[in-house]
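Q: Attaching a single structure in structure tokens format; questions to follow.
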Amino acid sequence: MDVRALPWLPWLLWLLCRGGGDADSRAPFTPTWPRSREREAAAFRESLNRHRYLNSLFPSENSTAFYGINQFSYLFPEEFKAIYLRSKPSKFPRYSAEVHMSIPNVSLPLRFDWRDKQVVTQVRNQQMCGGCWAFSVVGAVESAYAIKGKPLEDLSVQQVIDCSYNNYGCNGGSTLNALNWLNKMQVKLVKDSEYPFKAQNGLCHYFSGSHSGFSIKGYSAYDFSDQEDEMAKALLTFGPLVVIVDAVSWQDYLGGIIQHHCSSGEANHAVLITGFDKTGSTPYWIVRNSWGSSWGVDGYAHVKMGSNVCGIADSVSSIFV
């Protein structure tokens, strides 16, 4: 169905998005700007204009991304960025097999996705908490243990938000700082059921040393720009990859392959790569987000491989357990 043929439909969708999406998508958050129905309606109108513009570019490109109404359409871009894009960029060393750890020279299949191995947990929703950095790191730990043959468990993101030092909880953080904290302190991540997500900062809850949990043995952190085949080999060898991207245009993403409208060197959002697909004319990374399953492609984004789109290869981490 072409929504352009139904001029009233966008306004109905706005009402649904404004109160809908995932059940927890409107968790408590105190904005620094005044909120009102009038402001949200103005933001929605701006979103419609932005969608038309984005969709008018590169119309002949195969499988290009398409943009439209979703749960973020009632936010102005500056509001969206202030709430959701809170990952702090870090400078990663450029990967070199001669200097750094050697990645096995495995043969790359045309398609691979760790979800097919049943070692990736379900998409979560960070709500109005800028904790993407914690969600991506915890997701990688969950998968690393499952790949080793352990049961797939939802681990506590809230524990990382509350306890990780050199980070700011729901006000933003660094994946590198979180990984350093997990590794240096040999923190045992507990299950989400023991330390559930609250979508806000809280006091760190400590567990005894004898309490069962999931710790890491180490991690790697490299810049794989211009080396995305090596990055894919790391994915196959070590498990899902924690990456930091420029996700400003992801506010409007509905599906297709993201090839434009973002840049390298502007990292602001942490996500988890679970696989890749090279079977079509435009190869792409399969990227798990933390904005709920109603966003994008069932909570995932597809990002073009080979061109460092959105800076996806600039800041890449693997976790070892």
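Note that Cβ sites are derived from N, Cα and C of the backbone, with glycine treated the same way.
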Q: Of the listed cysteines C129, C132, C262, C310, which one does Swiss-Prot record as disulfide-linked to C170?
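A: In Swiss-Prot, C170 forms its recorded disulfide with C129.
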Q: Return the residues near C262 (disulfide bond), defined as same-chain residues 6+ apart in sequence whose C-beta is under 8 angstroms from its C-beta, sorted by sequence, else 'none'.
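A: Same-chain residues close to C262 (disulfide bond) (Cβ under 8 Å, separated by 6 or more) are V245, D246, A247, V248, S249, W250, V309, C310, G311.
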Q: If you measure C-alpha to C-alpha, which of N105, C129, C132, C204 (recorded positions) come within 10 angstroms of N289 (active site)?
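A: Within 10 Å Cα-Cα: C132.
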